[in-house]
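As annotated by Swiss-Prot, transit peptide applies to 1-35, with the evidence given as similarity to another entry. Taken from Swiss-Prot, the feature NAD(+) binding site covers 39-68, 102-103, Asn107, Thr133, Lys283, and the record attributes it to similarity to another entry. Summarising the annotation, Swiss-Prot assigns N6-succinyllysine to Lys59, Lys75, Lys94, Lys140, Lys148, Lys237, Lys320 (among others). As annotated by Swiss-Prot, N6-acetyllysine applies to Lys59, Lys120, Lys148, Lys241, Lys320 (among others). Sequence annotations record features per position, and here Swiss-Prot assigns active site to Lys208.
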Amino acid sequence: MAASLGFRGAASGLRYWSGRRRPVGSLAAVCSRSMASKTPVGFIGLGNMGNPMAKNLIKHGYPLILYDVFPDVCKEFKEAGEQVASSPADVAEKADRIITMLPSSMNSIEVYSGANGILKKVKKGSLLIDSSTIDPSVSKELAKEVEKMGAVFMDAPVSGGVGAARSGNLTFMVGGVENEFAAAQELLGCMGSNVLYCGAVGSGQSAKICNNMLLAISMIGTAEAMNLGIRSGLDPKLLAKILNMSSGRCWSSDTYNPVPGVMDGVPSSNNYQGGFGTTLMAKDLGLAQDSATSTKTPILLGSVAHQIYRMMCSKGYSKKDFSSVFQYLREEETF
């Protein structure tokens, strides 16, 4: 989520590519696999994010070989002429470039290492890109297993949400072998306007976890500020306008406001349906908590945000967008 948070430009030390700039580095040095431009690409995971991401690859001329644990979501792709595989292993047998977009660490482990996983049929030299948001340690373990099979694994989680996935303006944070970055960039640039090389495998996940922790904190802060203003008699649209002209401005206030009726086209104005689920935010904050524990880093606000989103999940908000924290604050008498 939130490509606007922390990724307005290239950070120091990061390899960076924007859809508005020329790619970094020469494609001439990339292996023949990545230069096979319009050969089929495998895509596994066609949920809220994966579906529009896959469609953007198709728009750029890439034929796809698709798989999802729920066959019904593949129907529209099959009707459009794309291939649908019977398992992740089947995808790996037919494609040497595969992108996965899955909900959790456990899902990624199953898709890669399970009984019918990618590693059962992966070809030497294949490029495997995981855009799921998972524990960095899981990415590192998967990379080791993939390397044993003679293939390449890169983690490339995304930020920007469903809207950016649809428009092809995602931010990708990429971790892996640097000389494979251009090969990954060829595909990721079809789905995102910002593709950043962050370092070794797991670095992309670490960057994404930091971003989502900040996003959760800023969303809670925006919801609290808006709620306070409304209870003080301020018009919510006026308050949002003031915030967005002032130092409190952030992505949660100017692009994804949590108050119903303040903005069109956002989950808060659609009963908090669609978008980025509260369950997923709680999961990502759990990853941040684990990372903080392993690195002995204090995350005081991150820990509180984790507690809030866990409480929301236990009180019926699990399937609503994470901006529903505003509704939660309004309904909780204890706050």
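Glycine residues also receive a Cβ, built from the backbone N, Cα and C atoms like all the rest.
Structure coloured by features recorded in Swiss-Prot.
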{"residue": "Ile44", "record": "NAD(+) binding site", "contacts (Cβ under 8 Å, 6+ apart)": "Gly50, Leu66, Tyr67, Asp68, Pro88, Val91, Ile98, Ile99, Thr100, Met101, Leu102, Val111, Ile118"}
{"residue": "Met49", "record": "NAD(+) binding site", "contacts (Cβ under 8 Å, 6+ apart)": "Met101, Ser131, Val158, Val162, Ala165"}
{"residue": "Lys59", "record": "NAD(+) binding site", "contacts (Cβ under 8 Å, 6+ apart)": "Gly168, Cys190"}
{"residue": "Lys75", "record": "N6-succinyllysine", "contacts (Cβ under 8 Å, 6+ apart)": "none"}
{"residue": "Lys94", "record": "N6-succinyllysine", "contacts (Cβ under 8 Å, 6+ apart)": "Pro40, Gly42, Ile65, Gln83, Ala85"}
{"residue": "Lys208", "record": "active site", "contacts (Cβ under 8 Å, 6+ apart)": "Thr133, Pro157, Val158, Ser159, Met173, Asp284"}
{"residue": "Lys237", "record": "N6-succinyllysine", "contacts (Cβ under 8 Å, 6+ apart)": "Gly261, Val262"}
{"residue": "Lys241", "record": "N6-acetyllysine", "contacts (Cβ under 8 Å, 6+ apart)": "none"}
{"residue": "Lys320", "record": "N6-succinyllysine", "contacts (Cβ under 8 Å, 6+ apart)": "Pro267, Asn271, Tyr272, Gln273, Gly277, Thr278, Gln327"}
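Rounded to a whole number, the distance between the Cα atoms of Lys120 (N6-acetyllysine) and Ala54 (NAD(+) binding site) is 23 Å. The Cβ neighbour count for Leu64 (NAD(+) binding site), using a 10 Å radius and every protein chain shown, is 22.
Long-range Cβ proximity for Lys140 (N6-succinyllysine), meaning a same-chain Cβ under 8 A and a gap of 6 or more residues, is found for Val201, Gly202. For Lys120 (N6-acetyllysine), the nearest neighbour among the recorded positions Thr39, Leu64, Lys148, judged by Cα separation, is Lys148. Thr39 (NAD(+) binding site) sits 25 Å from Lys148 (N6-succinyllysine), counting Cα to Cα. Rounded to the nearest whole angstrom, the C-alpha distance between Leu64 (NAD(+) binding site) and Lys148 (N6-succinyllysine) is 26.
It is Lys120 that, of the modified residues Lys120, Lys148, has its Cβ surrounded by the most other Cβ atoms within 10 Å. Over all protein chains present, the Cβ of Thr39 (NAD(+) binding site) has 12 other Cβ atoms lying within 10 Å.
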